[in-house]
Amino acid sequence: MGPKEVELILVKEQNGVQFTSTTLVTPAAPQTSRSGEEERETWGKKIDFLLSVIGFAVDLANVWRFPYLCYKNGGGAFLVPYLFFMLIAGMPLFYMELALGQYNREGAAGVWKICPIFKGVGFTVILISLYVGFYYNVIISWALFYLFSSFTWELPWVHCNNTWNSPNCSDWADNNTVSDIYTATPAQEYFERGVLHIQDSNGIDDLGRPRWQLTACLAVVIVLLYFCLWKGVKTSGKVWIEAATQICFSLGVGFGVLIAFSSYNKFSNNCYRDAIITSSINSLTSFFSGFVVFSFLGYMSHKHNVALDKVARDGAGLVFVIYPEAIATLPGSSVWAVIFFIMLLTLGIDSAMGGMESVITGLIDEFKFLHKHRELFTLFIVVSTFLISLFCVTSGGMYVFTLLDHFAAGTSILFGVLIEAIGIAWFYGVDRFSDDIKEMIGHRPGRYWRLCWKFVSPCFLLFMVVVSFATFNPPNYGSYMFPPWANMLGWCLAMSSMTMVPLYAIYKLCTLLAYAITPETEHHLVDNGEVRQFTVSVPLFLVSQYTLYITSLQGII
């Protein structure tokens, strides 16, 4: 009687995550690693993956960036390019990254074993996620500080009679209108003078020491991130260019997070359905938050009898000035403030975890020896992030924050996604990529997706990268303009991630050259980094004469 085909699967479920070890007598079952390596851990439940991706994609950008861009760029008119880019780039690229990570079961760098010369883009997105983490965690620490400050009968940003207030403060609670001579509200001064202490700094070249209150909040955030990540996934035109950037920010394309998360999916998971569900939920959330924000802005504009443009703010000013100010006018304002800042914390922590997981998974999958030391490596990453973030919690930290926000993930993220699209569509091949998807979910992507991957998305992204460079505006914070050296430093930060693409390509080409000039019998030496053709050798007779000369000298001495 001949041998039978046997499949032994050992399954251990702990904390909602499934660990699978598979031994096969015959090769089959797509659940098994195709490279013969130890099986990768997977999400315990499908809902864990969906909630993680949605939690990363639906972040603070939905609350402050999208509504402000709508207002700044014509309200409803902004939705036209936004929805257009969502259809031709956002959703196709979102789908592409989910499928890429799920099929190859690797992080942002490791997936490029399908086309090694493009592996540099993997390091590009890892660096972008790392840079964003330097300042994104600071936003969460601000929210935590506000949360602690909300546990009081009267919120501290209601009146101008506090120690941090300046004579320029106007108490909107006692006045229906705001005179032009008053340029600051209690909420604005609480954020800038009471929380940031920006009045103690003259600019980015005068940062001062870290504020201990914000440092403590930042430390709490970092500790929370560490314990969520240390075990892995079982616990974790101007209008047109801004619409394109918002798509990347909102969906999370180009940060390597989607690749990292999907790499822990089961091989046969329907990533197409996941892409449609999560991207749709994200856009609907942006629309809903836009309605809520405009309701707040309209209420504040009517209450104080000022134009809407006097109320609308971008970024941190919207979340930490306008929202708190509106909440302070509600009955039981302290309760509403606590609820609001808890919401901000949950939005921020989910996205921060995703960014960190992208860095950790990408590097651990690329450097296999780190697998055995995931806890220590995670500790190293979060501590390093904490130390860099300390610059953002100084008195002049807002200037560092603004510089990082402007350069860390602007043009560089569009560039990274462009190279991803080119590498998949034109070098690995859309047909081969479609076959990979068919192997996972049972059918090939439709013609619409293939056309977007091959032509539409790359052309759109190339245009956006060119426009982004051509329309660059230096950053500013209010009336403060950054000095030239700060802008140069920002560009160095942006270029440090983008240059990973050509640098790694050059390295790969040099490796091929080393193989080409080395005898085939010595290719194993090249694998070990030894290229004898570039080694300086000394003729034996010179060595002999040198030895004889040294011996003679010793005899004389």
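Backbone N, Cα and C atoms are what each Cβ position is placed from, and that goes for glycine too.
Just so you know, TrEMBL annotations are computer predictions that nobody has curated.
The following features are taken from TrEMBL:
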- G55, A57, V58, N62, S250, N282, L347, D350, S351: Na(+) binding site (BINDING)
- C160-C169: disulfide bond (DISULFID)
- 49-67: transmembrane segment (TRANSMEM)
- 79-100: transmembrane segment (TRANSMEM)
- 121-148: transmembrane segment (TRANSMEM)
- 212-229: transmembrane segment (TRANSMEM)
- 241-264: transmembrane segment (TRANSMEM)
- 276-299: transmembrane segment (TRANSMEM)
- 311-330: transmembrane segment (TRANSMEM)
- 336-364: transmembrane segment (TRANSMEM)
- 376-401: transmembrane segment (TRANSMEM)
- 407-430: transmembrane segment (TRANSMEM)
- 451-472: transmembrane segment (TRANSMEM)
- 484-507: transmembrane segment (TRANSMEM)
Segment-segment contact (the transmembrane segment (336-364); the transmembrane segment (121-148)) at 3 or more Cβ pairs under 8 Å: yes
For the transmembrane segment (376-401), distant same-chain residues with Cβ under 8 A (at least six beyond the ends): 130, 133-135, 137-138, 141, 192, 196-204, 206-211, 214-215, 218-219, 222, 225-226, 229-230, 316, 356, 359-360, 363-364, 370, 477, 480, 482, 486
S351 (Na(+) binding site) CB neighbourhood, other CB atoms within 10 A: 26
Per-residue Cβ crowding (10 Å cut-off), top of recorded positions V58, C169: V58
Rounded distance in angstrom between the Cα atoms of S250 (Na(+) binding site) and C160 (disulfide bond): 36
Contact between the transmembrane segment (121-148) and the transmembrane segment (484-507) (3 or more Cβ pairs under 8 Å, separation 6+): yes
Cβ-centroid neighbourhood (8 Å) of the Na(+) site, G55, A57, V58, N62, S250, N282, L347, D350, S351 excluded: I54, F56, D59, L60, A61, G252, T285
When distances run from the Cα of C160 (disulfide bond) to each of the binding-site residues G55, V58, L347, S351, the nearest one: L347
Nearest recorded site to C169 (disulfide bond) by CA-CA distance, among binding-site residues V58, L347, S351: L347
In the chain carrying G55 (Na(+) binding site), residues 6 or more apart in sequence that have Cβ under 8 angstroms from it: D350, S351, M353, G354
The transmembrane segment (451-472) in contact with the transmembrane segment (212-229), cutoff 8 A, at least 3 CB pairs, sep 6+: no
Cβ contacts under 8 Å made by the transmembrane segment (79-100) with residues that lie 6+ beyond its boundaries: 70, 111, 237, 239-240, 243-244, 246-248, 250-254, 258-259, 262, 271-272, 274-276, 278-279, 283, 417, 420-421, 424, 433, 436-437, 440, 445, 449, 452-453, 456-457, 460-461
Nonlocal neighbours by CB distance (under 8 Å) for L347 (Na(+) binding site), same chain, sequence gap 6 or more: V58, D59, L60, N62, V63
Intrachain residues whose Cβ lies under 8 Å of the transmembrane segment (311-330), provided they are six or more past its termini: 60, 63-65, 67-68, 71-72, 139, 142-143, 146, 155, 157-158, 172-173, 185-188, 190-191, 195, 293, 296-297, 299-301, 303-304, 336-337, 340, 344, 401, 405
